[in-house]
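**Q** Would you mind keeping the following structure in view while I ask a few things?
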Amino acid sequence: MNLSIADQVRLAFQVQNRTAATWGAVLGALPPLSAFAFSHFGLGALDTWRGWLAAVFVLACLLFSAPKVYKWSAAAFGASQWPRAEAVGFVVLLEGAMTLADHSVPVLAAVSYVCLVVLVCINSVVTGVALALDQKATRAAAREEQRNPDTLSLVSAPPVVPLAVVKRAPRRTARPARRAAKR
């Protein structure tokens, strides 16, 4: 489903999608924050196994984030003449500047932090939208199954066998009869 940027933000922050937006923010923000932290503070010398492990970890975080940023930027630059090229350029700009900027130069450090914030926002919204759409599809399938229980659905629970309803025998006491007779 191709949604515009404004539609994605609206969908992610609708009241009924609060849970999806919250989890989207957590799950979407974690990879860029991790890549930033490991690339700037966790990468020691690459001659140690920890340095190489941190480099692989940064690459894995970028592989998680880059497709989401590409999808978002393709929607943002869809009206331009070269939307795919601009989307790829935007991904390389954000991910590269966030990961590779030298923090000893204050301007580059500021650019790196700005790119980090933008990446966290984009990943949070895209992940929140994906969770919200999945939630809507699951709810729609559950409603359809309630309407038509003969259909087979992936969200259906195992069938519940109703317990036999046991009626209690009426209580036979003298009191209710006496009260009824007095009236």
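Cβ atoms here come from the backbone N, Cα and C positions, even for glycine.
Okay, these came from TrEMBL:
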| type | residues | note |
| --- | --- | --- |
| TRANSMEM | 20-43 | transmembrane segment |
| TRANSMEM | 49-70 | transmembrane segment |
| TRANSMEM | 82-101 | transmembrane segment |
| TRANSMEM | 107-133 | transmembrane segment |
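Help me picture where these features are in the structure shown.
**A** When Cβ-Cβ distances below 8 Å are used as the criterion, the transmembrane segment (107-133) is approached by residues 1, 3, 8-9, 11-14, 17, 20-25, 27-29, 31-33, 36, 40, 65, 68-69, 71-73, 93-95, 97-98, 101 of the same chain, each at least six residues removed from its ends.
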**Q** Which sequence-distant residues neighbour the transmembrane segment (82-101)? Criterion: at least 6 residues beyond either end, Cβ under 8 Å.
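**A** Long-range Cβ neighbours of the transmembrane segment (82-101): 32, 35-36, 39, 58, 62, 65-66, 69-70, 73-74, 76, 108-109, 111-112, 115-116, 118-119, 122.
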